[in-house]
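Enquirer: For C85-C172, the entry in Swiss-Prot reads disulfide bond. Swiss-Prot lists N159 with the feature N-linked glycosylation site, giving sequence analysis as the kind of evidence. Taken from Swiss-Prot, the feature topological domain 'Extracellular' covers 1-19, 71-93, 153-190, 260-269. The topological domain 'Cytoplasmic' annotation in Swiss-Prot covers 41-49, 115-131, 212-238, 291-310. Among the features that Swiss-Prot reports, transmembrane segment is placed at 20-40, 50-70, 94-114, 132-152, 191-211, 239-259, 270-290, with the record citing sequence analysis.
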Amino acid sequence: MNKDNILHTDTNIKITLFSEVSIGISANSALFFSHLFMLFEKNRSKPIDLYIAFLSLTQLMLLITIGLIAADMFMSRGRWDSTTCQSLIYLHRLLRGFTLCATCLLNVLWTITLSPRSSCLTTFKHKSPHHISGAFLFFCVLYISFGSHLFLSTIATPNLTSDNFMYVTQSCSFLPMSYSRTSMFSTPMAIREALLIGLIGLSSGYMVAFLWRHKNQARHLHSTSLSSKVSPEQRATRTIMILMSFFVVLYILENVVFYSRMTFKDGSMFYCVQIIVSHSYATISPFVFICTEKRIIKLWGSMSSRIVSI
């Protein structure tokens, strides 16, 4: 894949990518400020608000970063130097790792919070925020340290076209690395992502079992008219399942597109599709949070009424 092929990528792909980034930035901004306001209001705030606010902030920064990278991919106006390339590529990789880590730990915290009193997870309910904060800091340090090789492998794109370089944008490229060096950096990253995806799978499986058991108990304890009402626990559980199912599907699809890109010599189209797929969760997940969280709707309603009264 060379830089000329990226410039001449189909216009519909470009429009889709920039639309996704714009919508995602707006949605994550709304979600972040909503939870930020709720954190300052003691009667509305919950411990999980801080983690959702951090996830939305991370996704917001991720989409801004990929927006800058995409602009350099399709609009060859000016050229970045090596320092700018290294900083943006490293920041993007770091924010992607933070997003995966925050999604996993938020899912685990949600699972512990919604678990019934008879569950073995009850003992972690009061300790979980502190433990999860510590785990998050641990994974952040890992991502910061293991991503430092990007400063060595990222350079400003040379003027001469070469098949040895892997073009990222019009200004930035990856230096070719040996198989042993590639394995040395990719193996820890694969293990780390497998661990986080495994935690997401386990906690999601637990929530499926909880939802199924809760539904069966409702059939025995209530009449049909009463059991049709959805409890807050069921609503929250379904929100988790929608988000995590969507996350896992996109993660698998992203890897399929990535290997397809590696298979074909001219993978400019696959490269753009991979970017769109890999950032779809950051764009769509805020809408799921906003639509299923009644507190946000009430907050916006109260703020609108205050503005109208003024």
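Don't overthink the numbers, they just go from 1 along the chain as shown.
Heads up, the Cβ atoms here are built off N, Cα and C, so glycines get one too.
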Enquirer: For the topological domain 'Cytoplasmic' (41-49), would you mind checking the mean pLDDT of the predicted model?
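Expert: For the topological domain 'Cytoplasmic' (41-49), the model's average pLDDT rounds to 72.
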Enquirer: Report the same-chain neighbours of C172 (disulfide bond): residues 6+ apart in sequence with Cβ closer than 8 Å to its Cβ, ordered by sequence.
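Expert: Residues satisfying the criterion: D72, W80, C85, L88, I89, T154, I155, A156, T157.
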Enquirer: Of the listed stretches (20-40, 50-70, 94-114, 132-152, 191-211), which one yields the highest count of Cβ-Cβ distances below 8 Å with the transmembrane segment (239-259)?
Expert: 191-211
Enquirer: What is the number of other Cβ atoms found within 10 Å of the Cβ of C85 (disulfide bond)?
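Expert: 25, counting other Cβ atoms within 10 Å of C85 (disulfide bond).
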Enquirer: For C85 (disulfide bond), what is the secondary structure by DSSP, using just helix, strand and coil?
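Expert: SS state of C85 (disulfide bond) = helix.
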Enquirer: Do any residues of this chain, six or more beyond the ends of the topological domain 'Cytoplasmic' (291-310), have a C-beta under 8 angstroms from a C-beta of it, and if so which?
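Expert: Contacts with the topological domain 'Cytoplasmic' (291-310): 31, 34-35, 37-38, 44, 235-236, 238-239.
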Enquirer: Which bits of the chain, at least 6 residues beyond where the topological domain 'Extracellular' (71-93) starts or stops, bring a Cβ under 8 A of a Cβ in it?
Expert: 3, 6-7, 9, 14, 61-62, 65, 147-148, 150-151, 154-157, 168-172
